[in-house]
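Listed features, source TrEMBL:
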| type | residues | note |
| --- | --- | --- |
| DOMAIN | H:91-163 | domain 'Cyanate lyase C-terminal' |
| ACT_SITE | H:Arg104 | active site |
| ACT_SITE | H:Glu107 | active site |
| ACT_SITE | H:Ser130 | active site |
Number of protein chains: 10
Amino acid sequence: MSQAASVPTNNSPLADLPPISSILFEAKARKGLTFDQIAKEIGKDEVWLAAAFYGQAKFEEEDLKKVAQVLDIATETAIAGFGSHWWPNRGLGPMPPTDPVIYRLYEGVLVYGHAIKAVIHEKFGDGIMSMIDCKIDVTKKPDPKGDRVVLTFDGKFLSYAKW
Amino acid sequence: MSQAASVPTNNSPLADLPPISSILFEAKARKGLTFDQIAKEIGKDEVWLAAAFYGQAKFEEEDLKKVAQVLDIATETAIAGFGSHWWPNRGLGPMPPTDPVIYRLYEGVLVYGHAIKAVIHEKFGDGIMSMIDCKIDVTKKPDPKGDRVVLTFDGKFLSYAKW
Amino acid sequence: MSQAASVPTNNSPLADLPPISSILFEAKARKGLTFDQIAKEIGKDEVWLAAAFYGQAKFEEEDLKKVAQVLDIATETAIAGFGSHWWPNRGLGPMPPTDPVIYRLYEGVLVYGHAIKAVIHEKFGDGIMSMIDCKIDVTKKPDPKGDRVVLTFDGKFLSYAKW
Amino acid sequence: MSQAASVPTNNSPLADLPPISSILFEAKARKGLTFDQIAKEIGKDEVWLAAAFYGQAKFEEEDLKKVAQVLDIATETAIAGFGSHWWPNRGLGPMPPTDPVIYRLYEGVLVYGHAIKAVIHEKFGDGIMSMIDCKIDVTKKPDPKGDRVVLTFDGKFLSYAKW
Amino acid sequence: MSQAASVPTNNSPLADLPPISSILFEAKARKGLTFDQIAKEIGKDEVWLAAAFYGQAKFEEEDLKKVAQVLDIATETAIAGFGSHWWPNRGLGPMPPTDPVIYRLYEGVLVYGHAIKAVIHEKFGDGIMSMIDCKIDVTKKPDPKGDRVVLTFDGKFLSYAKW
Amino acid sequence: MSQAASVPTNNSPLADLPPISSILFEAKARKGLTFDQIAKEIGKDEVWLAAAFYGQAKFEEEDLKKVAQVLDIATETAIAGFGSHWWPNRGLGPMPPTDPVIYRLYEGVLVYGHAIKAVIHEKFGDGIMSMIDCKIDVTKKPDPKGDRVVLTFDGKFLSYAKW
Amino acid sequence: MSQAASVPTNNSPLADLPPISSILFEAKARKGLTFDQIAKEIGKDEVWLAAAFYGQAKFEEEDLKKVAQVLDIATETAIAGFGSHWWPNRGLGPMPPTDPVIYRLYEGVLVYGHAIKAVIHEKFGDGIMSMIDCKIDVTKKPDPKGDRVVLTFDGKFLSYAKW
Amino acid sequence: MSQAASVPTNNSPLADLPPISSILFEAKARKGLTFDQIAKEIGKDEVWLAAAFYGQAKFEEEDLKKVAQVLDIATETAIAGFGSHWWPNRGLGPMPPTDPVIYRLYEGVLVYGHAIKAVIHEKFGDGIMSMIDCKIDVTKKPDPKGDRVVLTFDGKFLSYAKW
Amino acid sequence: MSQAASVPTNNSPLADLPPISSILFEAKARKGLTFDQIAKEIGKDEVWLAAAFYGQAKFEEEDLKKVAQVLDIATETAIAGFGSHWWPNRGLGPMPPTDPVIYRLYEGVLVYGHAIKAVIHEKFGDGIMSMIDCKIDVTKKPDPKGDRVVLTFDGKFLSYAKW
Amino acid sequence: MSQAASVPTNNSPLADLPPISSILFEAKARKGLTFDQIAKEIGKDEVWLAAAFYGQAKFEEEDLKKVAQVLDIATETAIAGFGSHWWPNRGLGPMPPTDPVIYRLYEGVLVYGHAIKAVIHEKFGDGIMSMIDCKIDVTKKPDPKGDRVVLTFDGKFLSYAKW
């Protein structure tokens, strides 16, 4: 990867994130590492790690120290930007999404949302799948007719309170 | 289930669907069947079947005949409403969703969309997970700390054309 | 209350709800009962009960039977409209709200949302107050300078998953 | 807390606030103080104080002097930024909120707003709960099944004028 | 006025109001009375009365009885439609308004809103003009260069709570 | 007033106005003058003057010279920024307004707009109250139960052309 | 024109208008008359007349009687629908317009609005072209390269009040 | 005109235009010229010229040279900013417009759009008035009751293709 | 095709169209004909014909007579619904589209719109591709890797007027 | 082409793109090359190339090297800005589009979208035309009545999965 890798900070989504996000993305580009490689170094999953880079999850200081080490950036810089005084202000990018990758996920909600809701109710009763206590995974499934993306949400079922 | 089960056709989402949808939902309620039970009878998955009830997938006539039989409704009624002259006009319900079950899926896109996109690109290159050639599954995973919903999208990766 | 009490079903919010909602509201008006009176009869809280009348919470059949008895309507009617085949499609009314009572709650989110979020994070860490496992109470607090409404949300704190 | 704690001023919500807000947040981070700790020093509640930091409430000069002292910043800086020539331009962040903490409050209005309105009318008559003469409190309630957030709005009831 | 005066109930604003509103408007048209004439009969102001016809204010039963008498409609009809079981669901018509009369008021907020806010703060401090405890008057002021509409809002000043 | 009074130019509404607006607001803060005091010096009303500060009305050069003198700023600066080459681009702030002071005016239009329209038609016929040839006044009316804001719009009635 | 000419009342714009509009349009179709022909009979311009058919201008009773006569409908029907008890609720159709004819006018505002504003200010000073005291004309101008539509707005200039 | 005439580039509409637009507007202010005066020098109409200043029409190099000469700015500057490599990205300002001058044009579309469409169809058949091959003129028409703005769109009629 | 083929008229897009559209669609379903088959009978293209069925193009009476004959419906019915008194009110369905087939076209505009604009300007100069004088074609192109849809817009280039 | 060609980076669309986009556009302007000329040099189509300049397609490093050479810019600059660490965040410009060239494409979707969908279904069954595996072409077709733009989308048909 070029030493000069520049990450555009004037436009979405980085323009909407803390400056430390750009520093992390540039260091990652300079190192030529994938999220999966960094995630393995710090003992986390790549989707969670990517979310944290995008300011959508909160690093603990232990995480930040490891990330700084892997990416060769100063620990203090990482902590000053994403430390204990900072909390994610979650939600990123326009809705409806304009990028086709993200739009397809949105389309999944638009087309299949009611079907998923109906099946959740039939299997679990009145409640929801938590998006807070939820783990997300992206796996590549080889297929002779074309590889497939397997995207999994594993979230706790929460029953509606009655009082 | 009560013989008199009524399905509200004056409001979302049924108000926005063909009348045959209400007929199917009422017959299902009268029979007291789940989507899973009907799906097994006709050799389809429950999420796909629910999507078809909501007018978001297209029954073939073979499917419709089986559904009509399972639900004890006239085959002609089913075919008149959802037959070969009818094509889904997909997309159902308001966006952003107001129902918390569906909103949580939308929140997954809002919070984790960019992370998922980044990992897809790192694993597959420039392209998308198809929401057309995509299968969706909802599974109940028992857990002592509270059962979990496992929602899986299994979609073909499509590379961007260059020309 | 007049026997002829009519409940407008052509406009918001009843126009957006199942017909059984109007039946319940008309019976309630005919009986001249408050939500508090009905709630006490069925062993629930008045806010939860009102939410259920508005189709925003799910009655169990036991609840429905008691409500039908209190309001002198046929049990089958109640169950046909709100029975086990029916699931709330939650979310009611325009946003931003046009009604000043509801708008003031919305204004509370608009003006004090970030302050509430900051204090929750300082007291609990990275997570949310659940609106699913949440109980809501409205109390009248007499005050010589003018009575006060005390509105309380009592919701479980949910930590963000890390994985 | 790191001396170098940086507060992102290029994105929501600080990008939408007077520069003095960022100065206060950075000093607070440097000092490692919570809103509760500062609030106790100046004789105010933590939610009100956080609202004032976010430019959603108006400090009087007495308040500002105490805050400046607690945070070790120049009094003149505080007064130049938030003094008597400045009035809050209230309302902060996108609606619907994208952050899940704030969204859950919004969802409370969306799902329970009509129920709350109905109970207020039954208890008080035609009028509203004021969001101007209203005090807000966030308390942590320990619970073996998971601690709970208790969020209270205590607002004056205002009757609709008739003339 | 023609006995056959018909009031369009299929379009805005009457389509969004309880049916009793149309009944009142039709009776008023049949009688050929102005709001001012009816208001004087019942001891109220014409703007308040018009607001009540449009479902934006709440008649007490005493008011309804007088209105019914003036308009020659059955008292029970009026009470069944607008009685004690009914509460205004306030807010009427599209925003931004499409009708030029109402748009001009909206334009007043758009163009002069900040100036009015600044002067209120300078005269009263941090707070608002209540729209709940507010009386509204429309007067015709003759002027040789063209008559003028004098529209007055007389609302209580409410100070922001500090706590 | 502090010599250092700073006026936030990075956020609404000043961020949306010509730089001369901030210069005027800062000078006014430095001088510690109210709109009313400045207005009297230049022979205009305070609401009109505040509107002009916010770029919503057009100063003539005579006005600008007097304002510059009262505020001790260079006349050329005022004229360079707001002179004869500049025309107001009217309309300021988000709609619906997020600030409660301005929102209440908006709520007045939302709730009472149709009533005001109806009374205007009954008194004047088919036409509007002009918001161009309109004078606006804010007065403080002492009241033992709490002072009141009296906000008056005095606008010319304009008849609809027929041709 | 066929005696059976039907005018769709279930969709825009007639669905949003009083029923008398449909009656007028059907009678006009049955008679096979243009707006110009009817307008000449009643001494009005065709654009104004079309606006009145669409409920965007107010017929006086004299106008209505003539229109009823020309179209062979009962005078009482016309007066019951559009009489003195009825006032236009102006503004019709979606914005931005979806119909290309109307969209082009909208595009004229979007592309040339600022230029028109600048020239009006240079020629007239600070004020507007009234859309209330405004006459609109549509003329066909033959041209060998293709006939041209000449659309003219002739509106009174109104100066901004200063006070 | 003051040599120091400044044109606000931080707000609408200039903030949304190429920097060369501000240069032209400032030079025009410095010279104290109207669009009409400049237009006559370069042999174009004032409305077209104003549109080009606002980046809504494309200068040819011949035009730019003449404009540069009239305004005493360097020809290369004009060509570098608006030259052959640049194409208008048309459409300027918010919709609905907030400025009353432009809003009135928008209101013309909202209120009279359907009437204009109907008359165009009756005179020309199925098609539109082109906004591409369209010339726009603003004329001052003296009138003892108040001068009038005559705004004319002269656009080619285009028939809808059938194939 | 079943004699009983029913076409849902309660939802989009038919709910937004004249009743004659539903009659045509039902007759077409009953006959089991494709647009291509009907188009060939009447000497038109299938895309144009489908647009006319959806109320987006105007049938001449000659066309209507042939369509009525092919579909075995009464000519008078067709002419009463879509005759010379009726003009298309073009524009159908929500934007952004929710149906994936139509959304993909929208995505083409969102992603490739600027590229297409740039190439049109380089090839033709300042102007547009007309969507009025435009013919649209959909062809199936067999391909061993999967058949392809070839969608062609053939529209006249229109130069921008300068005046 | 002027050496000084400047490309406005403060406004749409370049303000929303990585800085490397502006560098490419300026170099292209300086060289005076069309997309077609550059595309031929690098063996790609002009529409694809323009999309890549606008950040809507991903250059491979081989492409970037050739582009850098043709435009006389440093290869490292190109790769630092658009290299392997960068992925398009697709979707550009406002929707609905304000520029008439792009709006006409949008209008094509609005007016003809349902017709195109219907014909695709009749020719291919239930599925979509891919906008990912899609090639786009713009051709100039000379025509004595005015040259025509032929815009072609050639996209793979994708069948909906059933499972």
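Here the Cβ of each residue, glycine as well, is placed from N, Cα and C on the backbone.
Because TrEMBL annotations are produced automatically, they should be read as predictions rather than curated entries.
Recorded features from TrEMBL, shown on the structure.
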residue: H:Arg104; record: active site; contacts (Cβ under 8 Å, 6+ apart): none
residue: H:Glu107; record: active site; contacts (Cβ under 8 Å, 6+ apart): none
residue: H:Ser130; record: active site; contacts (Cβ under 8 Å, 6+ apart): H:Gly155, H:Lys156, H:Phe157, H:Leu158
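When averaged over the domain 'Cyanate lyase C-terminal' (H:91-163), pLDDT in the model lands at 98. Reduced to three states, the DSSP call for H:Glu107 (active site) is helix. In sequence order, the active-site residues near chain I, meaning those of H:Arg104, H:Glu107, H:Ser130 whose CB lies under 8 Å from a CB of that chain, are H:Ser130. Under DSSP, residues within the domain 'Cyanate lyase C-terminal' (H:91-163) fall into helix, strand and coil as 25 helix, 27 strand, 21 coil. Each of the active-site residues H:Arg104, H:Glu107, H:Ser130 was checked for a CB under 8 angstroms from a CB of chain E; the ones meeting this are H:Glu107.
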